[in-house]
Amino acid sequence: MSSRANNRREGAVQSTTSFSDRYKSWLQHHRLSAADSLSRVIDNPLSSLMTWLVVGIALALPVGLSVALDNAREVSSRLDSTARLSLFMADKTTAGDAAAYADALAERDDIADVVFLSRDDALTEFSQLSGFSDVLDSLDDNPLPHVILVEPASTDADDIAVLQAQVQADAQVAQAVLDMAWLQRLNRLMELSRRLVQALGALLLLGVVLILGNTIRLAIENRRDEIVITKLIGASNGFVRRPFLYTGLWFGVGGGVIAALLVAIALWFVDGPVQALASSYGSDFQLGGLGLMNSLNLVFFGGLLGLAGAWLAVSRHLGDIEPR
Amino acid sequence: MIEFERVSKRYAEGHDALREVSVTIEKDDMVFLTGHSGAGKSTLMRLIMLMERPTRGRVSVDGVDLSRVGRARIPAHRRNIGVVFQNHQLLFDRPVFDNVALPLLIAGYDHREVGRRVRASLDKVGLLSKERAMPITLSGGEQQRVGIARAVVGRPKILLADEPTGNLDPALSAEIMALFEAFNQVGVTVLIASHDLALISRLHHRILTLREGQLVGGEGH
Ligand SMILES: Nc1ncnc2c1ncn2[C@@H]1O[C@H](COP(=O)(O)OP(=O)(O)OP(=O)(O)O)[C@@H](O)[C@H]1O
Ligand SMILES: [Mg+2]
């Protein structure tokens, strides 16, 4: 190019530059736009920090909640999820009848395991576990019935319900309780929470895009004269758009970093109490965090949202700015 | 190079800024455009660089009918034209160097080439020492010269200048006109709008005169 620098026709060179030159200059302008946008963002630390915080908080909320849900699921998966029927014998059933009934149950194909717990055994176990031994000792009568713990052979909920109905119908049995129920309820609750978090997340993401879109709209408005001038000199829409897309990217990336930090800080904040709680249950449960990969994903995702917001603003407002 | 065929321009307010203007400006020509304030000089230039479209008639530049240049191709069209604006149109938050470099950046020149050309261009308008200055710290005449440096830095085929000497003293005005003549000498088609009849009549170039949107002198060829 420089060998022809003195050629008066060089004005026409633009249209004949090779593809690799065009690619190089395109890359160069990307670098320039990225650096220029970043320095503009950093030159206004206070307002940029505000934007970063808003984006960060909006991202950290759903992400933090879903990390909490992941941990809850981890806890619930450690719970013994084998369905068990507790058969409480009728008062008039004697220990002998109950034991015989238990033996009969053990013969059945649809039952994997049977444990018979006489009312005396039950009382002993209960007083040991509950710490209410003094209270129980002071009682004249043992209030507990005989209990038979039944582990169904099938894990299918319908099969278990059929079995439950059958044993419930037997005269010896006062009540057949499915121990699974509370776990299922917990799981359903967690599923519901997950849906709610997803809905909240979707709303907040939309909010982030709109907030960033508005921030970029203001940036465009502030640089209106500059846009008009560059368009007059022959800048393409892509050229004019580029710095604003980068501005959106930087706001989004910064917001993602803040979000990752907020989630990490929140986890660190609750980690002590959670550890104490877990060890009091004799559990070695460890609170799971975002991890490096997911934190990076969050930053990346923030950048994508920033680009989306910037794109929204740029496509809505840049076209309106034409030289007059 | 630039051809107007019975071109009329009526602004939305119903004001006829140009009426039936027909004129041909040959390649390598240097032409002055004069007329009272509001006669339509700036409008004529705006049509050439597609800031406006004519209401009637046809404008062609370098053999291309501008009515065929769609929105997407306007930037490429403008990159072939250097413009000195009546009101400078500088970026006031960027130093002089960056202002002059802008057309090269848009055209995608390598940054070393940009530095070399910008300095050469600033040197021509006598502002080499001001390359780091912010435009706001410059006098009106200096700002005008920054605008000229920016218009010529990309070595356009066509140079349009709207009142380029409006803020300059006579000596500097003559110097700037000599500069435009030098560009014209190396093959740039130059069109200059100016009120300064005394100056332009001394220069022996073709003079187009507009009166209330109509060409009253120098028309045709
Ligand atoms: N954007 C616009 N909308 C409506 N009317 C306009 C517009 N631009 C210019 N005009 C009108 O068109 C006429 C020609 O304007 P133009 O700017 O071309 O004049 P000019 O010859 O450049 O004047 P000056 O020497 O003062 O710069 C004027 O009467 C002006 O009021
Ligand atoms: Mg004018």
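A Cβ is built for glycine as well, from the same backbone N, Cα and C atoms used for every other residue.
Unlike curated entries, TrEMBL annotations are predicted automatically.
Residues annotated as transmembrane segment in TrEMBL: A:49-69 (among others).
The feature domain 'FtsX extracellular' is assigned by TrEMBL to A:85-174. For the domain 'FtsX extracellular' (A:85-174), DSSP puts the residue distribution at 44 helix, 20 strand, 26 coil.
Among the features that TrEMBL reports, transmembrane segment is placed at A:196-216 (among others).
TrEMBL lists A:200-316 with the feature domain 'ABC3 transporter permease C-terminal'.
TrEMBL lists A:249-270 (among others) with the feature transmembrane segment. Within its own chain, the transmembrane segment (A:249-270) is flanked in space by residues 34, 37-38, 41, 48, 51-60, 63-64, 67, 208, 212, 215-216, 287, 289-290, 295, 298-307, 309-310, which lie at least six positions past its ends and keep a Cβ under 8 Å from the stretch.
Panel annotation: around the transmembrane segment (A:290-314), residues 55, 59, 63, 67, 205, 208-217, 220, 241, 244-245, 247-257, 259-260, 263-264, 267 of the same chain, lying at least six beyond its termini, place a Cβ under 8 Å from a Cβ of the stretch. Taken from TrEMBL, the feature transmembrane segment covers A:290-314 (among others).
Counting residues of the domain 'ABC3 transporter permease C-terminal' (A:200-316) by DSSP class, helix then strand then coil, yields 102 helix, 0 strand, 15 coil.
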